[in-house]
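Listed features, source TrEMBL:
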- 6-25: transmembrane segment (TRANSMEM)
- 46-71: transmembrane segment (TRANSMEM)
- 77-96: transmembrane segment (TRANSMEM)
- 108-131: transmembrane segment (TRANSMEM)
- 157-176: transmembrane segment (TRANSMEM)
- 197-222: transmembrane segment (TRANSMEM)
- 257-286: transmembrane segment (TRANSMEM)
- 307-327: transmembrane segment (TRANSMEM)
- 333-353: transmembrane segment (TRANSMEM)
- 360-380: transmembrane segment (TRANSMEM)
- 439-460: transmembrane segment (TRANSMEM)
Amino acid sequence: MFSIFAITYTFVVVISSEVYLPVFYRLGITSTYEYLELRFNKFVRLIGTIMFIIQTILYTGIVIYAPALALNQVTGFHLWGAVVATGVVCTFYCTLGGLKAVVWTDVFQVGIMVAGFSSVIIRAVVVQGGIEPILNDSYYGDRLNFWDFNPSPLQRHSFWTIIIGGTFTWTGIYGVNQSQVQRYIACKSRFHAKMSLYVNLVGLWAILSCAVLSGLAMYSVYKDCDPWTAKFVSAPDQLMPYLALDILRDYPGLPGLFVACAYSGTLSTVSSSINALAAVTVEDLVKPYFKSLSETKLSWISKGTSFLYGAVCIGMAGLASLMGGLLQAALSIFGMIGGPLLGLFSLGIFFPFVNSLGALVGLLVGFTISLWVGIGAQLYPPLPISSLPKYLSVEGCNFTTIDSNWTLTTALPSVTETILEAQVGERPELADNWYSLSYLYFSTIGTIITIIIGIIASLLSGGLKQNINRDFLLTCQDFDYLKVLLPSSWGKYKEKEKVEGLNWKIRDSDPYPDKGTDNPAFNHMELYSTEHNEKANGINP
């Protein structure tokens, strides 16, 4: 079922590159939340910034905790020692190297991730006697259910929840989240920025394919003795490390390669998050209120905030241990907070009549409702039927597998029975409908409610009377493939028009015909330099 995310990722990248990227890139902003002040006012910008900081700290804590589980399972290294070590390493090189260090380490980490997955997949294929037995086991075990078109929003995963809910959730990440936007607006032209997203799409497909194949291989190996049901692991998130240690233990270095694979994803995400937190803090919370600070002082403040956020994220990893499935918890956080933020940016980009009051009211209402359903789902988890749990067997746990002799001495309950027993007790009426919504719909709810309430509040408060600079809106001119069909004068932007209220000059909306540099802040020697950026924009001549 998760393989359907390949379709979702395609929608997300197209929407992000063709809808949100042109506006952010044209304005030449460092923080996406600068846009909120340009389009609305300082207070809306402040609220958006605070919500982003909370969301990113919570999410980063989960990301730090996940590979620590892998290291603990494979090496026996103390779990919380691994958590601290992971956070310290990420914080260290992010603080010293900034965005340039983040991007270059990501390049190498992608290769390590693919290599780690490949080692597990190849070895599992050898152990099981080929790819065909793995696919057969998965088919007869009902693990190849791709096309479940059940329209119920209460079902955890179906075609519709993944396509609709997944698109909203991941657009909130790729379209408006500072951690991602800071990467493509650093490109030297809008053409390169768009291409970076489409190249990233190929990488997403590759990683998703590796993850799906690894999951099918794991099921095939353990179809008769599920390690989680048999209590050989303490959490479902330890299953993959358990498999790697089991089938790769005779090959020195390969279990370590898998741990490096898990850590590569974490280092990439955590470093980007810490860098984004520092950038947003400096640009949105320091610069606007302390305008006399020199570049040197701002640089030291940025490094200090990176270190501080790293420490806070390590502390938040403790909360992650209480949140159940880590992937679901991470996407739930992006849904509860990222959904309303996506709705807020969409109000500004798509609806010229939406004013500051309408945007603020829409954001607060959308956030309140998405937070309500998200917290309710944590307090009263959906019944197992909503996730359609598959049968997990422990009948074969008295046989010998690769280098492991497991003997089951007592009868163990099924996963469904265990969960049902834990949920005995009264549940409120909302628990089996509102709180049982698929976690992928949290973002959808937050986005749609924010937009609807924002539109209504703006119309009621005189939004139709305001005049908005078109540079803050998505226009037909932003769609490159439409330009051949439109008059040359349609939506033509004024070159070097200064944005009122901030010291940024509008970038030309069209990349140069030769796909050269149209980003005035781009430096061929350094990927990111605040001083050079400001000089290029005429702030510090």
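For all residues, glycine too, the Cβ spot is worked out from N, Cα and C.
Computed from a predicted structure; not experimentally measured.
The stretches the transmembrane segment (157-176) and the transmembrane segment (77-96) are not in mutual contact, being linked by fewer than three Cβ pairs under 8 Å (pairs 6 or more apart in sequence). Most Cβ pairs under 8 Å with the transmembrane segment (6-25) belong to 333-353, among the candidate stretches 257-286, 333-353, 360-380, 439-460. Across the candidate stretches 46-71, 197-222, 257-286, 360-380, 439-460, the maximum count of CB pairs under 8 A to the transmembrane segment (77-96) is reached by 257-286. By number of Cβ pairs under 8 Å, the transmembrane segment (439-460) is matched best by 333-353 from the list 108-131, 257-286, 333-353. Most Cβ pairs under 8 A with the transmembrane segment (257-286) among the ranges 46-71, 197-222, 360-380 are made by 46-71. With a cut-off of 8 Å between Cβ atoms, the residues of this chain six or more beyond the transmembrane segment (333-353) that come close are 19-20, 23, 32, 35-36, 39-40, 44, 48, 51-52, 54-55, 58-59, 62, 165, 168-169, 171-173, 175-177, 359, 362-363, 366-367, 370-371, 373-374, 439-451, 454-455, 458-459, 463-464, 466, 468, 472-474. When each of 46-71, 197-222, 360-380 is scored by its Cβ pairs under 8 Å to the transmembrane segment (108-131), the top-ranked stretch turns out to be 197-222.
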